[in-house]
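> Got a structure for you, written out below as structure tokens; questions coming shortly.
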Amino acid sequence: MGEVAATVEPLAAVKSKSMRSRKRRQRRRRQIAYLAICGLSVAIFGFALATLIRPTTAQADADPGSWRKGYVGHGTTHEQLGQPHWPPVQYTVYRPTTNYTKAPPPPTSAMNPIFNFTHFLYDKVLYRDEPIPEGYIVVKNSDTLSLGPKVEENDWRDLLAHYWMVLIWVVILVVLIIVIPFIAVCYCCFCCCRRCRQGCPPCTSKQDAQRRFCCGICLLILIIGLIFGIIIAFVTNKMIDSGFAETSETMKRGSEDTCTYLKDVADHVHHLMMYNYEEMETHVLDQLTHAHRHIFLDLSDTSESNSLAEMERVLENMPEALELMRQVEKMEKDLRFYGSQLRDGVRGIKRDVNFAVANLCQLQMCQKFLISSNIEHIDSSQCLHFDNLPNTKEFVEGMENIVASEYYAIPQRGLSRLKKVSDKVKTQLSFVVPPMMRDLTKGRTIFREHATNVRNIVEGVLSDIHIKTLHSTKSFEDVYERFGHDRNVVSLIVCLLILLVLFILIFALLCGCFGRRRTGYGDECCSKSTGATCLLLAILLIFCVFSFIALVGLFYFMLGMVTYQGACAPLRDQENNTLFRQLDASIDLNHYLPPSESNKEVVQPLKMSSAIKACHANQTIFDMMRQHNIYDINDLTRIKVMSHSQENTDSIKVFDEDLSTVVLLTKEERDELKTAGESKLAKYHSSLYMPSLCTQFTPMNLNALSEQLYKLSNDLEYPAYGWAKVSFWNEGLNTKAFYRNFVPKLTSLVEKMKANLKKIDELISYENHDFTNTIKILTATAINSEQFIQTRGKDYINALGGNLTNSIDQMIDDYIDMIIKEANESVGHCAPLSYIYYRGVDLICHRIVDPINGFWVGILLCALLFLPILFVAHRLMCLYKKIYPYLATVGAAGVVEGGSDYLYDAYSERDREHVPLANVPKKRRKAYERRREQQDYFEDASPSVSRGNRSGGDRGGGGGDGAPGSSSMRYNDMAPTHWDHEPPRYHNPPAAPPSSEYERPPPYYYPGASEQD
């Protein structure tokens, strides 16, 4: 059972393998069948495609667009060189010669930060979207700004209500203007200027010095602020005067520059629309006038009928070539004669040298010379063998036969027949060209009208802008008329008052800093007492002028704010400023412009703001006018100069003659040309002569060979080789003689023959062919040209005529495009216009309004600085008025701090001075030294001398309270009532017993020279 199962399993495996192989074969058959079907489908598709392509190919072959094999376009030679078929117009470029007037130097730039501050104040702090209330700025004659009636009436209620921050500021100033005079009255009536607490000057000396220093620094800072304010006031006041004075000059410059700008625009437009059109017209008229010649030449070039002209050139040059060939024949004979003589001569030299080497000189030197000199091949040069030269006589006979037969008349007759085709072309074009010329003349009139219209429009726009500029320079003239005369006087008074206060304060500060302290004993000039007096004077003067100065500053502040909102703010914020929108609405330029015939509708008004914006963008005047529908230069593209451009140019036929009967060469003429090509001249070409026409007649230079022979002769010994020596010497002479007599002649003959042959080739050859091929090629080309003219000449001429009309239309379109491009990019840039306009605006805003605002900044700055100056000056005045006595007693009059019995030491606050006499003036120091010599200044300090004796000796006698024996002597002021410039003496108390020991004296008070704090 197991064996049967083992046998069944292999059989099943074999059966499964056979089934798989059968399936693979079936799959392969299906793939082959599928590929066969696909291949058959591709073959059928290819056959069908071939049948479709064949007619298309035939049509392409018949397409007249390929006029000449291997050439593109119309088959002309100049087109293959990259040159246009009809050359374009070369326009001259406009060169401006404008010179604008020079603007005056700008105002000082040192005030720019002040002006920028006022701009920031008005633009950022006080900025409002709503315009200023009515009645403060009015528009006169729709173009000039002036102050309104509310300014004349000093009615500022609406303005202050509109700007609440301005209201607060004005209220503060008004309160100060009113209150300060009352404070001044109280200050003077209650004697505040004299109520300065003295205190204890010796006790508070150090603190007083510190207070003086701090107050002095504060006053110095305030004085610097005053200086800054007065400088601003003076400079801006001068700028206001200059701004009002430059009005007429600025108007004159603006008029001149506007005229210059207008002339430049007009000249540029005239150059584009008149001068450049005339250039284009002249160019097109020239092409139309010579169009028949151009078309005929292109027809000759494409049909290759120029071969007749080449044939005529070849045959007409035959007599000249004949003369040259006869010269070549004569030179050939001379060449053969002289060449044979030279050849025979060098052969004799070779024979004699070989004989001498073989028989007369068997030395190694002679054998070596024979080998190295190459003399064995001296006569083997091809240039000496003229057997290969052609027979020139046959060429001469062939030329004579051609000249005698007058073959040159054949191409001349063909050219005369071809000229009839040119006459037909000229006749046909005479019906087409005159209308084109009339259209060009009419186009010149059209562009002249457009140039005049454009000039009028531009002149109207510029005139209006210039008028607005001139009127804008008159803005706020009423400011000068109303305040101009008194304003300058008032401003000058204010500046002088501030300057007076400034000088007094500076002088007071200098006296207080460098003057002596007040002592109460006859103070000198320029001391601190003088400084206190000057400060008091400054305080009183400030009280007197503060209200006046602040009132003037307030007036300028209000005036500057109103004028700024009318002149500068509109230019600052043209989009958002409502006042400018209100003013801009009344400035319309359209009523100055000429009426537009092409646009009968009411165009949108051109605003000054739009003009300014265009100038900012550096646009041209044509861009600005196009954007506002005044004039669009792009409308020139609608102009149709040529009337035929309205039609289909493909249907235009400029030539309608039958050229099928044109014959260039008859059958007889062709036979004659064939006979001429097969004459004796048939094989002529200069290349037949060139292999034999060379100048290397010998392998070596004969002169060099003669020198070698001389050298060899000199090297041989005599008399052993005497005959060889003589032989070599003679051969050297012969070699030199042959070179001198034959080589130059032969060389000259060869060069002349080459030149003649080259000239003959140029005369009777075509494209470097020999004569027979030249005649054959030119004849065949003429025959093909004849067939081209007969079959395709008419279509070719019409194609060139259509190309001419298209080229003229393209030239006119290019001209119009050039005008539009130049007008939009180069004509009338707004930069000069902006320059002209902003010079007028500069007169108002930057030269009048800004200085007004700068003036109130300087004035109010000084006025506000007066307030802290009052306080600081009063404090400093009290410090300067303190009296510092020489001695301060201790006891009944007042005990010093700590209850010390010693007197007050004046040097406690003088750390920097240890020697009292250091600061004593020179006069007093000398007087003191003289008195010291007279008195015993250095007393005996020994114990034997009692203090009482010493003091008694110094003091002398005396009575009263000051006597030495007085009981109250200790509490009396020991200093003299009048200081005599001597150090004070110190005494023992009356009750003190005499002491034999040395005792240190108590501190003493010695004022010395007055300190300068």
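Cβ atoms here come from the backbone N, Cα and C positions, even for glycine.
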> For which of the residue intervals 32-52, 158-178 does Swiss-Prot record transmembrane segment?
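Checking Swiss-Prot against the ranges 32-52, 158-178, the transmembrane segment one is 32-52.
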> I need the CA-to-CA distance for ASN99 (N-linked glycosylation site) versus ASN824 (N-linked glycosylation site), whole Å please.
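That comes out at 22 Å between the alpha carbons.
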> Where's the emptiest Cβ shell within 10 Å among the glycosylation sites ASN99, ASN116?
ASN99
> Suppose I define contact as three or more CB-CB distances under 8 A, residues 6 or more apart in sequence; do the transmembrane segment (535-555) and the transmembrane segment (215-235) meet it?
no
> Using a Cβ cut-off under 8 Å, which residues of the same chain at least 6 positions beyond either end of the transmembrane segment (852-872) come close to it?
111, 114-115, 117-118, 173, 176, 215, 218-219, 222, 225-226, 228-237, 239-240, 491, 494, 498, 501, 505, 538-539, 542-543, 546, 549-550, 552-554, 556-557, 559-561, 563-564
> Restricting to the chain of ASN803 (N-linked glycosylation site) and a gap of 6 or more, list residues whose Cβ falls under 8 Å of its Cβ, or answer none.
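Long-range Cβ contacts: HIS74, HIS85, TRP86.
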> Between ASN824 (N-linked glycosylation site) and ASN116 (N-linked glycosylation site), what C-alpha distance do you get in Å?
37
> Around the Cβ of ASN824 (N-linked glycosylation site), how many other Cβ atoms lie within 10 Å? Please give the count over every shown protein chain.
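There are 15 of them.
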